[in-house]
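Feature list (source: TrEMBL):
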type	residues	note
DOMAIN	9-419	domain 'Major facilitator superfamily (MFS) profile'
SIGNAL	1-24	signal peptide
TRANSMEM	48-70	transmembrane segment
TRANSMEM	77-95	transmembrane segment
TRANSMEM	101-127	transmembrane segment
TRANSMEM	139-161	transmembrane segment
TRANSMEM	167-186	transmembrane segment
TRANSMEM	240-260	transmembrane segment
TRANSMEM	280-298	transmembrane segment
TRANSMEM	305-322	transmembrane segment
TRANSMEM	328-351	transmembrane segment
TRANSMEM	363-388	transmembrane segment
TRANSMEM	394-413	transmembrane segment
Amino acid sequence: MSTNKAGSAALLVALLVFALNLRAAITAVPPIVTDVADGLGLDPTTAGLLTGLPVLCFAVVAPAASALIARIGPYRAVTVALSGVIAGSLLRSLGEGTVGVAAAFAGTVVIGSAITVGNVVVPVIVARDFAPRAATATGLYTSALNVGTVLTTTLTVPFAASLGWQGALASWSLMAVVALAVWLWVTRPVSDVGRPPRAVASPLAAPAVARAVASLAPGEALHPGALPASGSVLRRPVTWLLAGAFVGQSFSYFAVTGWLPELLGDLLGAAPATAGGAASLFQLLAIAGGVAVPAALATRMPMRWVAATMAALWLSLPVGLLLAPDAWALWCSLAGVAQGGNFAVIFTVVAQRTETITQTRQTAAAVQAIGYTCAATGPSVLGAVHVATGGWDAPLLVVLGALTLMTVSILAATRRPALPR
């Protein structure tokens, strides 16, 4: 399919429809969390786990997701991920009372685990099937993630008014059903089980791998033994640099997402609904960031410059709110572009700095396991610092520290690395 332009376009569309579902089931909860908590009899802290548990799954389940993808192939892994989102969304909305609580948390874990498979498999598919256009595919994927987020945060409340909170949460499974139908239709002529590992994903691919592929007869599959041993991806410095970048990115994203409405409410003296609308700039403009990265790279702008630009825009949020809080709309807008764009930068670099499909899969899993482990603590850490200090200066300095780690790491990772020995 990847050698056929029409097939590649169809696969990209299917991948983007899939991406719409990789945050939607999670971000549907916060707008109606009070209704959910009342319906299930949960206190606010326990209800918050319905949003926090999937992030923990992103970290804990990533190694198992990587192993699953290796066993069944990336295309079937997408089918598993979408099926899990559908099943988890329906299970989460089963009922109220004791059974409803158990179903809600079980469904949340299923959703988080299924989305983890999606998080890991997308960089694999991009690196294998869109190698010459990895930046474009990753940028569009990032934008699709944020479109899904905007859809759910905008429409879940009116859905709940008409259908109740259970119907509103369950309704988003229909988007996953559509995505599954599109995916099965596009990939039905192709089985990727047993397909040879990607040998040349970027100009950095090892010559030994290229020679192994060049020696194959037409139609002959590449035996794994023909590939050079690369060792654990954790022995590669670039893996740790990318993990450091993703720690800073994801910690800051979840911390800011969790507390920006309250921060702006205190800053503006605004009602929660008004503050939430102001904070939506941060989410909405991430769509532009996902498009901006491949557009910049298409102009031959070096990846390191693109990464530096996105880092500077991200850093403007804590620095700007500390020094010029009245310009909050500007800082939220710039950081919104940056958080979408920097996500695209990190996973484009994953695709470009790995040599084989196996290495891409393992690197993506490692980066996400480390990053999301730290990200899960972001809202709690920021909240604790806010309570301890009674203001927002110290929490913003925490975000500034995390983003500094991200900046240093991604700039180091985007240097052209030496090939593994």
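Using the three backbone atoms N, Cα and C, a Cβ is placed for every residue, glycine included.
Bear in mind that TrEMBL entries carry predicted annotations, made automatically and left uncurated.
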Original post:
Most CB pairs under 8 Å with the transmembrane segment (48-70): which of 167-186, 240-260, 280-298, 363-388, 394-413?
Top reply: 363-388
Original post:
Quick one: do the transmembrane segment (240-260) and the transmembrane segment (394-413) reach 3+ CB pairs under 8 Å, ignoring pairs fewer than 6 apart in sequence?
Top reply: yes
**OP:** Looking only at the domain 'Major facilitator superfamily (MFS) profile' (9-419), report the model's average pLDDT.
**Re:** 85
Original post:
Is the count of Cβ pairs under 8 Å between the transmembrane segment (101-127) and the transmembrane segment (328-351), pairs 6 or more apart in sequence, 3 or more?
Top reply: yes
Original post:
With an 8 Å cut-off on Cβ pairs and a sequence gap of 6 or more, do the transmembrane segment (77-95) and the transmembrane segment (394-413) reach 3 or more such pairs?
Top reply: no
Subject >> Maximum Cβ pairs under 8 Å to the transmembrane segment (328-351) - stretch from the list 139-161, 167-186, 280-298, 363-388, 394-413 >> reply: 280-298
Subject >> Dominant neighbour of the transmembrane segment (305-322) in 139-161, 167-186, 280-298, by Cβ pairs under 8 Å >> reply: 280-298
Subject >> Non-local residues, at least 6 beyond the ends, that sit with Cβ under 8 Å of the transmembrane segment (363-388) >> reply: 52, 55-56, 58-60, 62-63, 65-66, 116, 119-120, 123-124, 233-234, 236, 239, 242-243, 246-247, 249-255, 257-259, 346-347, 350, 353-354, 394-395, 398-399, 402
Subject >> Among 139-161, 167-186, 394-413, stretch most in contact with the transmembrane segment (280-298) (C-beta, under 8 angstroms) >> reply: 139-161
